Amino acid sequence: MIRSISTALFAFFAFLIVGVSNVNASTVEVKLGTDAGMLAFEPSTLNISAGDTVKFVNNKLAPHNAVFDGNDDLSHPDLAFAPGESWERTFSTAGTYDFYCEPHRGAGMVGKIVVN
């Protein structure tokens, strides 16, 4: 009897924790190419919480992509050509994630996401 009550309480609190963390998750947008037409991510540095999602949106001077060396599951190696073309990635693990646009890396199109 005590074991079943303990199991039920554990499941209840686990549900509350998971439910609360998902409710607080947010989506942040990163533009590929600035509004002024510069070859840069806007913003180029993000500070987010674990569980947050980053939406990458093609803005100006296509083609663009976002590559995270050593993190193939976060990378989007396909080139975005159409204005407004987008994709999303959710960051579950705390850490620092450097990324770049393959065609424009040499021009300084790099970014950083810090997940707390």
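Backbone N, Cα and C atoms are what each Cβ position is placed from, and that goes for glycine too.
Note that the structure is predicted; figures quoted are calculated from it, not measured.
Feature annotations, reproduced from TrEMBL:
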type    : residues                      : note
SIGNAL  : 1-25                          : signal peptide
DOMAIN  : 28-116                        : domain 'Blue (type 1) copper'
BINDING : His64, Cys101, His104, Met109 : Cu cation binding site
Among His64, His104, the one of these binding-site residues whose Cβ has the fewest neighbouring Cβ atoms within 10 Å: His104
Cu cation site shell beyond His64, Cys101, His104, Met109, criterion: Cβ within 8 Å of Cβ centroid: Leu32, Gly33, Leu39, Ala40, Phe41, Asn65, Tyr100, Glu102, Pro103, Arg105, Ala107
Tertiary neighbours of Met109 (Cu cation binding site) (same chain, Cβ under 8 Å, six or more apart): Leu39, Ala40, Phe41, His64, Tyr100, Cys101
Cys101 (Cu cation binding site), number of other Cβ atoms within 10 Å: 25
